[in-house]
């Protein structure tokens, strides 16, 4: 009855609406009545068919028996399934999945993959990261094979497995390549504690070691090994035998320390090699190989240096500009959350601290104010003092080399007289760089700019010393060439007299051989030059190691252990801990390499000595830096590329090529030592090989190519090409700079627009809304009022007055409970007529004007 009353009420209310809504409601009620009748009939049928207790017990017994039979059948089926392979069972399970389940599974797998790829960016703890990562990987491995269809499931699973194996192999191979880089962890540790500027030196040292290892392989494999295996043995000819007068002292330590005695007549130096055109059963052309290896050393070094400079330039331009928000990037993005080792975390912490110091120094230098006139005067004064030091060191070396020539003629010269040149050059290289650094304090440059000035000055010092040494050495070579003419005549007459005295009147008899130790021999100026370069290299190694041991390690031990019982603070004051001298070490390495390039043509074994020197320097200096040195007081960031070091190395390579090219093209080789003996010039070996081993037309081609009429235009063409490429590169650099400026300006404009839009005056925004009404602002109050009228409000006076009541003056009337909808209002933007004033705040509005949709709008 209640339902019928409600239905009648609903029919009364619906009768006031349109016919379409009445028909819909009537149909809906009929459907509900039919459903209710069907449910009632079903319940009555169930009540009629209710079973008794006996029937239930019998049914339960039958069910138990059927269950037992089914259990037996299931056991048999399980045994059959266990006998089949696991792959067929998995495939049958996968086939049983519906399309909806496969879609859901695919979506879950994709979500897990995305989670795995973005796990590094999650701000979670490491324990949570690892656990979630393992769960996601296990889920992907388990259900990824079910994404195939039919027969393609196994193939898809196999492809996915192989793709994972390939990714893992590439990752492991990259890790293996990183582990194969020599001294990578040592350099990273040094960089974390001392900054990128100190680490750049060790990176440069490692690169130099690799280059020298390749050069040593060329010399050792193509020159030294063929001569030892296929050449004449020791003692078979004068150039491979110690003279009779020197055999008594040939094995003394003092003699061997000066690279005389048996070392002088070994494969370490130029004079040991034979001038036979071919040696051994392979007919190996040793003179040609010696000449080509000597030239290829310079060619390979030039190619490697230029290639490294080009690669570093590309890396520096590809890195982009990092001058924006430097400290914010370092603060929020510096830490690596995958670090799991305590020592690695300490290194990373030290590296971040050092990078902050570097950035702070750069920021201070960019904002520094200075007195320009005083700064210019101090810089000019510093340059004048340094030029005076350079001139004095050059004169001192020239004087010492000239005096060493007089000492060499003395019979009983002491150890200092024999090694005075090497000692003076090493001392100048040790004391001049600190003096330059003291003078450079007057200039007050940025640390990075000051380092380049310091490197340039030490480069000028070493270059002046080296070329002064070479000029004095060339005077000694000229004297030995004059002496060689006399010795050549003596040797010729000695051999002739021995032949005549041994044969006598019988011209058919063979003369007995003359002992090679008794044959007079020339000074062999090539070996003399090689000995000087080997002495310089060895003395430089000893001075470097002793300086590190005494100046760094013993000094650090003294400061560390004596500081407790001293009058002042040794760590903060004098002598304190030593800082790593970047400029001195870099320039020492560069000039040592220059001496190696020059001396390797006259002493093939010098390259092996240099490889050992670089190998020991890496371990010894890494130990000294980590145990005895402290970071610089003004830590600065090194350049993104080592092109400045490479530029110095390229310049010293060119300057070291000039003396070797001069000796090859201008000076005659010694007549009784070396692979080029018996020729007018060393390069004659090329002409001899072309004439004897190549066809005639090849010789003509080489003669045409060697014509100065072709060489000079080719050089001019190369110069023009270099000028053109340099101009193009400068134009590209200017274009890149302009593009960077435009991008920066555009970014600043967009930033200003966003800031201005966010900080717009609210009153201006209100005026804009008044002048240009928005449809959105009109629809919002209407929707709010509709919601209020639709919601049942018991306290409404309209509801209390009656269901069928309507508001007077409303534009439309409805049935019972119809809501009041006020007429739409439009904002008035025209000015008021004269004589009409708006009401003051707080006064009532006149009744003739309708209310606005929002209270306070337009005030």
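If you go along the chain as it appears here, the first residue is 1 and each next one adds 1.
From the backbone N, Cα and C atoms, a Cβ is placed for every residue, glycine too.
Listed features, source TrEMBL:
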- 1-99: region 'Disordered' (REGION)
- 21-34: compositional bias 'Basic residues' (COMPBIAS)
- 35-82: compositional bias 'Basic and acidic residues' (COMPBIAS)
- 207-229: transmembrane segment (TRANSMEM)
- 288-306: transmembrane segment (TRANSMEM)
- 380-401: transmembrane segment (TRANSMEM)
- 421-442: transmembrane segment (TRANSMEM)
- 454-474: transmembrane segment (TRANSMEM)
- 524-639: domain 'TMC' (DOMAIN)
- 601-623: transmembrane segment (TRANSMEM)
- 644-665: transmembrane segment (TRANSMEM)
- 701-725: transmembrane segment (TRANSMEM)
- 743-859: region 'Disordered' (REGION)
- 743-753: compositional bias 'Basic and acidic residues' (COMPBIAS)
- 772-782: compositional bias 'Polar residues' (COMPBIAS)
- 783-793: compositional bias 'Basic and acidic residues' (COMPBIAS)
- 821-844: compositional bias 'Pro residues' (COMPBIAS)
The transmembrane segment (288-306) versus listed stretches 207-229, 380-401, 421-442, 644-665, 701-725: most Cβ pairs under 8 Å: 207-229
Interface present between the transmembrane segment (601-623) and the transmembrane segment (207-229) (three or more C-beta pairs under 8 A): yes
Counts of helix, strand and coil residues, the compositional bias 'Basic and acidic residues' (743-753), according to DSSP: 11 helix, 0 strand, 0 coil
Within the predicted model, mean pLDDT of the domain 'TMC' (524-639): 85
